[in-house]
Amino acid sequence: MPRVCEICQGAKAILRRPKTGQSICKECFFRVFETEVHNTIVDNKLFRRGDRVGIGASGGKDSTVLAYVMKTLNERYDYGLDLFLLSVDEGISGYRDDSLETVKRNKEQYELPLLIVSYEQLYGWSMDAIVETVGRKNNCTFCGVFRRQALDRGALMLDLDHIVTGHNADDVAETILMNIFRGDIPRLGRCTEIATSGDGYITRSKPFKYAYEKEIVMYAYFRKLDYFSTECTYSPNAYRGYAREFLKDLEAVRPSAILDIIHSGEAMQVASEVKLPSQTSCERCGYISSNRVCKACVLLEGLERGVPQLGIGKSVKKTQDLLAGRTATRSGRAVDVVHFDKLRKHAQEMRHERCTGCTCDTSAPGT
Amino acid sequence: MSITVDVEFSGGLELIMKDKVRQATVSLPATADGKPTTVRQVILYVRDNLVADKPQLFSTENTVRPGVLVMINDSDWEVEGENDYQVQDKDKVLFISTMHGG
Ligand SMILES: [Zn+2]
Ligand SMILES: [Zn+2]
């Protein structure tokens with residue numbers, strides 16, 4: 001005896017929602033899933049009409065569903081957004097090559113322009129080359145630091161106003177747990193925010209902040225979306241893995257646990273006496289940094305001088321002070337990392353070219 | 001009497017199966033101890049016969065591990081009775097891992 005949809009009372013139920021416990025049919029599922037994301041976007045005023053929005057696309061399930069849903073909602077509700085796919089190629093053979101093929105197919109399927117920025121091209125080092133040098137121990141540190149900057153660089157190349165990422169409710173809950181376990185109060189405050197302004201950089205947001213991973217996977221399945229699923233071939237983040245397992249065990253007992261954790265995280269206030277590091281720009285590359293030289297530049301210098309442990313662990317602050325005021329040493333393989341001021345100027349010129357007949361002055365700095 | 005069930009793996013689960021198979025046909029007795037065969041028996045069969053590597057990524061405590069979605073004939077198994085669903089001949093059971101990649 002098939003169960004009937006609890007929303008339309010007509011069609012056969014094909015899914016039980018973890019959020020509400022309701023059993024619903026395929027069409028109702030598509031509608032409620034899309035509408036909830038739309039409500040998240042509207043309630044949080046994530047976009048303005050005319051915004052150029054890059055979808056951080058990895059070829060995985062979350063970003064593939066995000067690209068599809070963003071395109072659908074932009075058309076259905078006439079947001080007036082210019083959408084782009086923005087991908088980072090870390091240079092991990094057998095992993096990223098395959099997932100980038102998926103992104104290239106998505107580009108055709110969704111008819112969205114695609115920009116791929118690679119570590120090799122931006123920094124002169126692919127992850128494969130980095131792992132060859134540093135081994136498999138700290139490579140995730142390099143990857144994380146480089147990815148964040150790579151997305152900002154790509155965003156300036158496309159002159160974006162905004163980057164959306166596929167982080168879902170499970171990811172956010174997991175990050176909240178990890179920050180609590182580590183006592184990382186500044187990060188706890190930041191990770192619950194749906195949008196971060198990035199201190200004058202491009203705004204980043206998570207339209208799937210309240211969307212359950214289960215529903216994202218089901219959505220991809222029922223819409224027959226084309227995505228890629230393999231773990232990164234280099235050492236997985238074991239700590240996150242445990243947090244994830246713990247979260248999944250909690251969810252199995254109590255499906256609302258994921259949203260409960262997000263709400264708890266949002267309700268926690270960072271006390272005003274907790275000092276958040278003040279921000280300045282890196283004197284080498286112009287990237288936002290809490291030190292005179294940013295982490296990416298420190299890591300790069302370490303790689304190029306053959307002392308990759310330079311930027312890792314407790315010595316970071318010391319190294320950053322040490323490097324301040326010195327010019328970077330360049331070995332044969334290194335590329336000159338483009339300064340952010342140059343990228344910003346380029347973005348401004350692109351903006352000028354688009355606004356035909358306007359009177360904006362491209363020679364004026366930082367408008 | 002026996003029944004055959006079509007099992008499929010995706011979301012990265014195929015990578016821990018023998019020969020990285022995405023699909024297999026499984027033959028099971030229609031009843032066990034006088035009771036109809038349930039999807040739990042299918043899960044245990046897969047765990048014991050098809051998983052090559054890291055069985056804990058597929059199954060814990062005699063069912064799928066949390067984070068593995070199960071689709072029975074294109075429906076979420078949570079609307080079909082989960083572990084106690086009585087499998088029919090020619091049923092399709094799909095296992096999707098949600099723990100891989102973003
Ligand atoms: Zn319905
Ligand atoms: Zn820098």
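Quick reminder: no glycine exception, Cβ is built from N, Cα and C everywhere.
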Residue among A:Val32, A:Val88, A:Val131, A:Val134 sharing the ATP site, where TrEMBL lists A:Gly56, A:Ala57, A:Ser58, A:Asp62, A:Gly166, A:Asp171 as binders: A:Val88
Intermolecular Cβ proximity, binding-site residues A:Ala57, A:Val88, A:Asp171 versus chain B, under 8 Å: A:Asp171
Structural state of A:Gly166 (ATP binding site), classified by DSSP into three states: coil
Other C-beta atoms that fall within 10 angstroms of the C-beta of A:Ser58 (ATP binding site): 23
Residues satisfying Cβ distance under 8 Å from A:Gly166 (ATP binding site), sequence separation of at least 6: A:Gly56, A:Ser58, A:Gly60, A:Lys61, A:Asp62, A:Ser63, A:Thr64, A:Val65, A:Leu66, A:Lys206, A:Phe208, A:Ile216
Number of Cβ atoms other than its own within 10 Å, given for A:Asp171 (ATP binding site): 22
Most crowded position, judged by CB atoms within 10 A, among A:Ala57, A:Val88 as binding-site residues: A:Ala57
The domain 'Cytoplasmic tRNA 2-thiolation protein 1 C-terminal' (A:281-310): DSSP-derived helix, strand, coil residue counts: 14 helix, 3 strand, 13 coil
